[in-house]
Amino acid sequence: MLAQFLRSLFRFRKTTVSVLLVATYVVVFLLNVWDRIRYQYSLPEDNKHHKQLLDASWIDLQSITRKPHPYTSRENDAVHDFLLHRVTELVEGAPHAEVSDDYKEGNHLVFKQPDVFNSSSTESRIVSFESSNIVVKITGSQPELPGLLISAHFDSVPTALGATDDGVGIVTLLALITRYAKKQPRRTLVFNLNNNEEFGLLGASAFLNHRWRPLVDYVLNLEGTGAGGKAVLFRTSDTNTASIYKNAVKTQPFGNSIYQQAFYDRYISSETDYKVYEQAGLRGWDIAFYKPRALYHTIKDSTQFTSQASLWNMMHASLQLADFIAFESFEDEPKDRSPAVYFDIIGTFFVTASTKDLFTLNCVVLSVIPVIILVLEFVIQRRKTRERNPLLVWLRLPFSMFISYLVTATFRSSLFRVNPLIFSRDYVSPTIGFSFTFLILNYLVLSLLEYLAPSRDLKTVSFVELFFGMWIALLWATIRLCTSKYTATGVYPITVLYLLMSFGAIVGLVCSAFKRKHSVVKAKDSEETAAPNTYSSIEESPQQATNTEAPNENSPEEHDERAPLLRASNSSQVSSVTNVSEAPSSALKAFVVSALNYDWSVQFLAVVPLASFFVIMCLSLILDGIYQTCQEGFQATWNVSKISMLGGMLLAIPVLPFCYKLNYFVSMVLLFAAASAGIFSFERAPFTESSPLKLRFSQELNLHDELGFSTVNVFGRQGAGIEQILRNIPSTQNAHSNVECTSNGQGSETCRYAGPRPHLVSSSSIPELSDILSIKVLSNNRKSSGRSSYEPINAELVINVKENRLCTIGFNSSQFAEHDYGQSPVKQVTIFGNAHHDNRTRSQLSTLDGLSRDDEENRIFKWNRGINSLQLHKLDFERNYYHVGIQWMPTILSQDADEESSDALGLKIRCFWGEYDSVSIINGEVKRKVPALDELLAYSPKEVSFSNREAGLVIVNDYIEL
């Protein structure tokens, strides 16, 4: 009985392969689901201290997310004051703690801000910024040790409440301050609760100007680029910092260096404060929420759509990491500062390695394993254990994969034409459709070829072919590692898959090389037809596949996978094999010969589960992060669909050597799953309330527009029905306003209509636009007879603007356009501390690039390579002006000057307002500040969400010429 059971269990037959495949997919699926939801069941119920921290943090989160609070709003000041009160309260009585408030201390900086999204950009943007960061210092008992900066930002965008971005990070900082105010750490910790991250990462830049900046060498940045879920280790500086995270975060570590490479390669277009700190020389960790993108920066970024489980997930990881750095000793060798490869395994294990070590490993396995394969092939050829005329067998898998790829690619192209935005709602269905379509087509082609010409070599030949395919992929990945200076931290899955395919190929070749030569088995049982004995595992012909009964006890027992692993003691069977050498006489040799026939089970169990798990783990992480970027344009949609298709095919590839052994039932299940996934992908609506269409709003007014139109701009994905949405709101229906949509040529469009005017400021009467914004030129010596034609031109102006915190000035001339061509003639800007013209400043101009101050503490910034734009921020709503000076060079000094060139300088002035969830009092009546946005939120379908397009919701424009 045992012999018959083992014979049936380990036989290379359709039922066994099918059961193992189904079991593999079920286990991998359950592990993936558990990894996704596990954090929801990990609240600190048994730890009183942690529970108190969590409860207090949740109350704090609710307090700071009552309203949107961008830097440009008064609510931003309310959040600042609340946080200042909280940290002062938390550190009270702690002699090793100190609080600094940039608002009171007047941290005003003027600096040239590099383009954090494009390191090769030559654009020169000068920023004048008044900071209101709250900085807390916890002095360590060993302050000589390198300190740790922990940072998060408390501003939100104008359209969001800022719960995940970045309220959770802020209240996590409050929890950490609570802990270390009571328990002094060894290292000094500095907490930067910074303001105005959303529009320029300016709060982080302001910290670099703070007196406590020299105390820290490490940084932990907490961010939210999604809305809830789990917080991931986006990136870390190097192998040392990755190892610190590994040693610190023992409970539910979560991170993957695939995301890190996406930042390196600029596939992720947004940035976090971590970039500023990294450029300043700090090393550390960037931990952030990363999905779903469609709720990010919308009104649904609120406590209603996140949870205490998400809060605890970020808080617990931060506590573990901060505790380790604060209290433990660790090595930080300079030699281990190459970029790191890292990933977690279902939140239980964390693996990290140097990319240089990965490069070395790749070089070794690229060289050694092919030699092993070739040696085994040579042995097989010498021993003649391979069947004759193998060329057609070697062509089967490439032919099958080619046909399957063509059909799968056609499926993807059709989906891209019919329902391209389905990925924004659900990437799982298309990916399953791609994967199972590819698998079932390979099954059909390979099964047909096997039926027409049975082969005993197909499985191992397939592994060898897949090995060489992965060899090419690994060669590319290794070259990529080298050429990227080891920043390609996301290529490690190729190494893993290469090693797995290599193992499968080597096992098959070893078993083939040391088996007996080709022979024919003669079975007395009429139910067993003659079959070759054995190269690799004996593979049934289609006629044999239907016969699953065990052979008669009196029939000969073959030395193949149908034999039991251990012989029965009373066995009296004899071999009836022809054309073979004498059977092994010893029981050990007989066992080895018999065991060699079970190579298929070793191959399957080692390759398919591990490869499937690894592919699903990496693919789900990638698609989780990018699937809703398909709303950003044609190219983004194409990229998401391509990754989904290639990932689905990669999931099927480890099964290909075995797929022709799937039975009818499983093949029909796969076919049904592929068809169902395809139908869902084609027919379902791409947007739902939980996965909405994300549109971006702005409203613009031009100061000298005689008609006084207030233009509402709605930006979004072309083909998503934006025009129809806008035609169904009261403003366009009642006033018969025309909706005009223009494409940007890349899959996005901007639709415009005349909307209700905003009410930006309170007034006793209906204010004119010129009452809100006006430009006054105080001086301009361009046409002065006292100025030499070779002398720089100087001008001063005041921008009078009410209840405002942000204006920008873009420069252009006859030879220069702000973002298009030429070098700006503007070489110097001055930020005056008052609104009054003062000629004394002109004689004190700096001759060096950079920032200087005059006797009146006016800030002067000089940049001889040209200044493209000036960004002006201020904190005081009651100071209704910006006073600036501008110096530019006459065209006569330009090599590109011509007769039509003019010395005139054009100024495009834009001022931004970011409040909408508040009111103004106009002529005694209560008016909502931005009724156009209120209208869109009220009357748009529930499947639509809105975010801001610009730094403010309302922009007032003016243009003057100096």
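Heads up, residue numbers simply count up from 1 along the chain you see.
Heads up, the Cβ atoms here are built off N, Cα and C, so glycines get one too.
Taken verbatim from Swiss-Prot:
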{"type": "ACT_SITE", "residues": "Glu197", "note": "active site, proton acceptor"}
{"type": "BINDING", "residues": "His153, Asp165, Glu223", "note": "Zn(2+) 1 binding site"}
{"type": "BINDING", "residues": "Asp165, Glu198, His297", "note": "Zn(2+) 2 binding site"}
{"type": "REGION", "residues": "531-563", "note": "region 'Disordered'"}
{"type": "SITE", "residues": "Tyr296", "note": "site 'Transition state stabilizer'"}
{"type": "TOPO_DOM", "residues": "1-14", "note": "topological domain 'Cytoplasmic'"}
{"type": "TOPO_DOM", "residues": "36-359", "note": "topological domain 'Vacuolar'"}
{"type": "TOPO_DOM", "residues": "381-390", "note": "topological domain 'Cytoplasmic'"}
{"type": "TOPO_DOM", "residues": "412-431", "note": "topological domain 'Vacuolar'"}
{"type": "TOPO_DOM", "residues": "453-460", "note": "topological domain 'Cytoplasmic'"}
{"type": "TOPO_DOM", "residues": "482-489", "note": "topological domain 'Vacuolar'"}
{"type": "TOPO_DOM", "residues": "511-601", "note": "topological domain 'Cytoplasmic'"}
{"type": "TOPO_DOM", "residues": "623-639", "note": "topological domain 'Vacuolar'"}
{"type": "TOPO_DOM", "residues": "683-962", "note": "topological domain 'Vacuolar'"}
{"type": "TRANSMEM", "residues": "15-35", "note": "transmembrane segment"}
{"type": "TRANSMEM", "residues": "360-380", "note": "transmembrane segment"}
{"type": "TRANSMEM", "residues": "391-411", "note": "transmembrane segment"}
{"type": "TRANSMEM", "residues": "432-452", "note": "transmembrane segment"}
{"type": "TRANSMEM", "residues": "461-481", "note": "transmembrane segment"}
{"type": "TRANSMEM", "residues": "490-510", "note": "transmembrane segment"}
{"type": "TRANSMEM", "residues": "602-622", "note": "transmembrane segment"}
{"type": "TRANSMEM", "residues": "640-660", "note": "transmembrane segment"}
{"type": "TRANSMEM", "residues": "662-682", "note": "transmembrane segment"}
Inset, instruction - Using a Cβ-Cβ cut-off of under 8 Å, list the residues of the same chain that are 6+ residues beyond the ends of the transmembrane segment (662-682) and lie near it. - result: 14-15, 17-18, 21-22, 411, 414-415, 418-419, 422, 426, 429-430, 432-433, 436-437, 439-440, 443
Inset, instruction - Report, as numbers and ranges, which residues of the same chain sit near the transmembrane segment (640-660): CB under 8 Å and 6 or more residues beyond its ends. - result: 17, 21, 397, 400-401, 405, 408-409, 412, 415-416, 420, 423, 427, 430-436, 438-439, 442-443, 446-447, 450, 458-460, 462-463, 466, 497, 500-501, 504, 600, 603-604, 607-608, 611-612, 615-616, 619, 622-623, 626-627, 629-630
Inset, instruction - Could you check the binding-site residues His153, His297 and say which one's CB has the fewest neighbouring CB atoms inside 10 Å? - result: His297
Inset, instruction - Let me know the model's mean pLDDT on the topological domain 'Vacuolar' (623-639). - result: 93
Legend entry - Interface check, the transmembrane segment (461-481) with the transmembrane segment (15-35), three or more C-beta pairs under 8 A: no
Inset, instruction - Give the distance between the Cα atoms of His153 (Zn(2+) 1 binding site) and the residue listed as 'active site, proton acceptor', rounded to the nearest whole Å. - result: 6
Inset, instruction - Could you check if the transmembrane segment (360-380) is in contact with the transmembrane segment (432-452), meaning 3+ Cβ pairs under 8 Å among residue pairs at least 6 apart in sequence? - result: no
Inset, instruction - Drop a 10 Å sphere on every Cβ of the recorded positions Asp165, Glu197, Glu198, Glu223 and tell me which sphere holds the fewest other Cβ atoms. - result: Glu198
Inset, instruction - Ten-angstrom check, please: count other Cβ atoms within 10 Å of the Cβ of Tyr296 (site 'Transition state stabilizer'), all chains counted. - result: 24
Inset, instruction - Sequence order is fine: just name those recorded positions in Asp165, Glu197, Glu223 with a Cα within 10 angstroms of His297 (Zn(2+) 2 binding site). - result: Asp165
Legend entry - Distance [Cα-Cα, Å, rounded] between Glu198 (Zn(2+) 2 binding site) and Asp165 (Zn(2+) 1 binding site): 9
Legend entry - Paired segments the transmembrane segment (490-510) and the transmembrane segment (602-622) in contact, 3+ CB pairs under 8 A: yes
Legend entry - Cα distance (Å, whole number) from Tyr296 (site 'Transition state stabilizer') to Asp165 (Zn(2+) 1 binding site): 8
Legend entry - Tally of residues which DSSP labels helix, strand or coil - the topological domain 'Vacuolar' (623-639): 16 helix, 0 strand, 1 coil
Legend entry - Beyond the flanks of the topological domain 'Vacuolar' (623-639) by 6 or more, those residues with Cβ under 8 Å of it: 259, 262, 267-268, 290-294, 416, 420-421, 423-424, 427, 431, 647, 691, 693-694, 716-718, 720, 746-748
Legend entry - DSSP three-state assignment (helix, strand or coil) for Asp165 (Zn(2+) 1 binding site): helix
Inset, instruction - For the recorded Zn(2+) 2 site, enumerate neighbouring residues of the same chain (Cβ within 8 Å of the Cβ centroid of Asp165, Glu198, His297, site residues themselves excluded), in sequence order. - result: Ser156, Val157, Ala160, Gly162, Asp166, Gly224, Tyr296, Asp301
Inset, instruction - Starting from the Cβ centroid of His153, Asp165, Glu223, the recorded Zn(2+) 1 site, name every other residue in that chain with its Cβ within 8 Å, sequence order please. - result: Ala152, Gly162, Asp166, Gly169, Glu197, Glu198, Leu222, Gly224, Thr225, Thr272, Asp273, Ala288
Legend entry - For the topological domain 'Vacuolar' (482-489), sequence-distant contacts whose Cβ falls under 8 Å of one of its Cβ atoms, 6 or more beyond its ends: 257-258, 260-261, 264, 338-342, 355-356, 359
